[in-house]
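In what follows, a single structure is set out as structure tokens and then discussed.
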């Protein structure tokens, strides 16, 4: 079914929605920043997994007794059975053993321990590197799309790409979800997928452009609306399949990949949104401006003759 | 139209052949894939050369070799020791039982030095020891001692002559092991280290000395340790999630697209298999985020099938026959899929060239996923659906999820 929805005439509203979401995100990033995980802040993170849920306050008290005052501890996992402790300094193996032993005695359960100690420099290096890599990749994509399509498509797709990345980062800031190295991998996946999604719609626009040869604004609007309508079912269905994967991983996949899956979920839904409501809309505005320019020139030449 | 059974038979034979191969080899391949530490337990340490030392690629290589020898002392199978950047070495040990001991052993530079009585001036270094010359022995009191052999017996004789009546303390890194007082000049280049409390302790020192010193001082920058049971649980959880996700995707695709959906499911199974084969061949280490990306990758690989199926539906709706619609739909969707995949590949290739190690690994699986999906979702799907359509046994539009009343008359 091809849906007849006028996406283009509502584009100002969508620009506004997009701008507001980004604004809220940027404000959140400035005000509360990101909840940086152990990969970016020096210290040790300990995950103690128990057979069943434990009393957080009791655990905190035990930690205080051991000399970790006001411990940064929380519960995680499907049954709140994982005690996650963050300590600002590097812990030695002996310290970890001491904590594990104390918890074992307190709760009468042997915890499974996961321990991670990090120098933040390494995490920051990887993040910085990934950021530059994304910038260079964007240039590469612009060049390819400009050659195969036209530069307006290329730039519009890249703007949508940055929107998706920023949107996902914003949500992580707003909800203060922990950001670790896998988050970078998630953002990179989103970047790759976002362009992929946008190009499918642009490809249709290009095809319909050749077939319909629009001259007037209304005709150009028709081209874009038709193209989005024709690819809408595909956009929705692809998002649905990805959402199946991400949701299953979020719910069943365990604590350590929950945030990774969430990031992908946000980013991939955003990718579908931005292709329709940002990339296509930027393109049509820009394309119309240049068509007007061409029309004016054509008229001038006609008058001159 | 007459049914051409031969095409249908070919389709079935192809299907059986593919699934036979998959069924026969999957378990071998899955077992052969290296699991990351987060899935099988173990620990990982990232070392960096302490500042203020000269570090060359050669020295890093020697360091890597020295660490490897030392891990052999621990008896760990398949340690993974990689050089990163210009001054870092990452050591990954899967399934180590005594992590504490492993870390102690790894963290030591283990350079043996003989010093002057003040303990400040170094008289002899680790490189003056004969390789593999350390041995476990017992003194008169039946206490364990470690005997070592020096390369240059003459030099040792001179030194001991100079310090007769004085102690020449022996240090391991900054820890004094013993401080034997020289009774008389020692010829022959044999020396003894006393002060080992137990036979095990002495044996460990022998092993350390024979493994050789690590040429540079290393600082622990990062470490990561996972219980083996926790790793197994993560693996089980993520696989469970994967199975449910994949089933949901399969049911959805077949429910919505019918015959092309079924083809999509077949190609997705082949896709998953081929991605695993790629991991196996390229020796990709499968981590938890890797599994997550793989599962989501299936969701994305479906995209190519969805694009084609949608296109086929469109062509049927405008009144084409099923076989004409399949042909036109496949042809028209090809460039779309090609262009959208190429852009992702460009992004992945750039990430591979400019990214750091972990980003590189990620981009390899991304590229592999796209290439394989192109092969299966475009190539294989087309082959299968053409065979079916040409058999003339599947020419009802409802099989493609199109209702009769949606078809416009031309």
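Note that Cβ sites are derived from N, Cα and C of the backbone, with glycine treated the same way.
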Name the residue range among A:93-114, A:181-202 that TrEMBL annotates as transmembrane segment.
A:181-202
The annotated transmembrane segment range in TrEMBL, which must be one of A:66-87, A:154-175
A:154-175
Contact set of the transmembrane segment (A:236-254) with the rest of its chain, CB cutoff 8 A exclusive, min separation 6+ beyond the ends, reads 77-78, 197, 260-262, 264-265, 268-269, 272
Sequence-distant contacts of the transmembrane segment (A:260-284), meaning Cβ under 8 Å and at least 6 residues beyond its ends, amount to 7-8, 11, 14-15, 17-18, 152-153, 155-157, 159-161, 163-165, 167-168, 171-172, 177, 182-183, 185-187, 189-190, 193-194, 197-198, 200-202, 205, 220-221, 224, 227-228, 232, 235-236, 238-239, 242-243, 246-247, 249-250, 253
Same-chain residue ranges lying at least 6 outside the transmembrane segment (A:12-31) that approach it to Cβ under 8 Å
163, 166-167, 169-171, 173-174, 274, 277-278, 281
What residues in the same chain, six or more past the boundaries of the transmembrane segment (A:181-202), come closer than 8 Å to it by Cβ-Cβ distance?
37, 39, 123, 126-127, 130, 133-134, 137, 141, 145, 149, 153, 156-158, 160-161, 164-165, 168-169, 172, 227-228, 231, 234-235, 238, 257, 259-260, 263-264, 267-268, 270-272, 274-276, 279-280, 283
